[in-house]
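Take a look at the structure below.
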Amino acid sequence: MSNVVKEPRTVVRKFLARPQHEGVGATVRRSIGRFELKYFDPFLVLDEFSVSAPSGFPDHPHRGFETVTYMLQGALTHEDFEGHKGTIEAGDLQWMTAGRGIVHSEMPAAQGTQKGLQLWINLSSKYKMIEPRYQEVTSKDITEAAKDGIKVRIIAGEALGIKSPIYTRTPTMYLDFTLNPGAQIQQPIPVSWNAFVYILEGEGIFGNSRSLPITAHNLLLLGGSGDGLEAWNKSSKSLRFILVGGEPLGEPVVQFGPFVMNSQEEIDQTIEDYENCTNGFEKAMHWKSESTTDFGY
Ligand code: FJE
Ligand code: FE
């Protein structure tokens, strides 16, 4: 393989994401966004979620960032206050730019356990109040490339010379790699970007070929300033992981649950807007999702 990476990044920190309760009866393995790793600029949250009906994430708001939901198993129905509704299944992607405001529900759409990843990407101050936007891609339309025992699904950014059509308001790369036993990769990452790996299945060696293998549900922060990632599957099973990178915003972050702004004043204003249904939350006034169980009392 040609040397596309001159200065490979090393793994500087490792976090095992343990299950915790979120939403209503749902379970998430949270890596970014937990106490020890509150923010990894521009990333606010990475949750590997697991949810079965009737549990889920009923009606809730967002402002000031993007949510990227990538399904691994089962199906999830989302429904928002503008009447936008759809179901995403295993391999499908929803890239939602909440901007000035979205109120929505995210609920199981199938029997059994629905699994996936949800990443929250911060927006720069100049884009926090933009109009909400969705980019939805079904599994068959996600570009895949394969070479030398490597398969990569290109959700955002570029790999093996192929580009994703997803527009990232905050410049972001998001790649889903599967490596057969014996395979290795070299993947460029812009030098100034923050980047991490999250392992979904199997075990892999990252950054240094002599380091110990790392297993599923671990998040690896990749050290700054290198120009790419090197990884190896020296095991006898397949290895699946995501590699995500983003251009840091370098701005102050004030978060109150699902609202992420730059100052406390903006958060206070957001709470007021949400309570009064103003400045982007107008349609929240008389809205309730169809999936919300109405017990009639
Ligand atoms: C949220 C609690 C929440 N991780 N992963 C508080 F659970 C949520 C929330 C989610 C979520 C939804 C999906 Cl589909 C997957 C998730 C948290 O909806 F937004 C706040 N504020
Ligand atoms: Fe949400």
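In case you wondered, yes, glycine gets a Cβ from its N, Cα and C as well.
What TrEMBL says about a protein is an automatic prediction, not a curated fact.
Positions annotated as domain 'Pirin N-terminal' by TrEMBL: 27-121. Residues or ranges marked as Fe cation binding site in TrEMBL: HIS60, HIS62, HIS104, GLU106. Per TrEMBL, the feature domain 'Pirin C-terminal' maps to 174-280.
Overlay of TrEMBL annotations on the structure.
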residue: HIS60; record: Fe cation binding site; contacts (Cβ under 8 Å, 6+ apart): VAL103, HIS104, SER105, PRO258
residue: HIS62; record: Fe cation binding site; contacts (Cβ under 8 Å, 6+ apart): MET96, ALA98, GLY101, ILE102, VAL103, HIS104, PRO258, PHE259
residue: GLU106; record: Fe cation binding site; contacts (Cβ under 8 Å, 6+ apart): GLY56, PHE57, THR69, LEU76, THR77, HIS78
Problem set entry | the domain 'Pirin C-terminal' (174-280) [mean pLDDT, rounded to integer] | 97
Problem set entry | Additional residues around Fe cation, ordered along the sequence, whose Cβ is within 8 Å of the centroid of HIS60, HIS62, HIS104, GLU106 | PHE57, ASP59, PRO61, THR67, HIS78, ASP80, ILE102, VAL103, SER105, PRO258
Exercise. Quick one: DSSP breakdown of the domain 'Pirin C-terminal' (174-280) into helix, strand and coil?
Worked result: 13 helix, 49 strand, 45 coil
Exercise. Which residue counts does DSSP yield for the domain 'Pirin N-terminal' (27-121) in the helix, strand and coil classes, in that order?
Worked result: 0 helix, 64 strand, 31 coil
Exercise. Which of these binding-site residues (HIS60, HIS104, GLU106) have a C-beta closer than 6 Å to some atom of ligand 1?
Worked result: HIS60, GLU106
Problem set entry | Packing count at HIS104 (Fe cation binding site) (other Cβ atoms within 10 Å of its Cβ) | 24
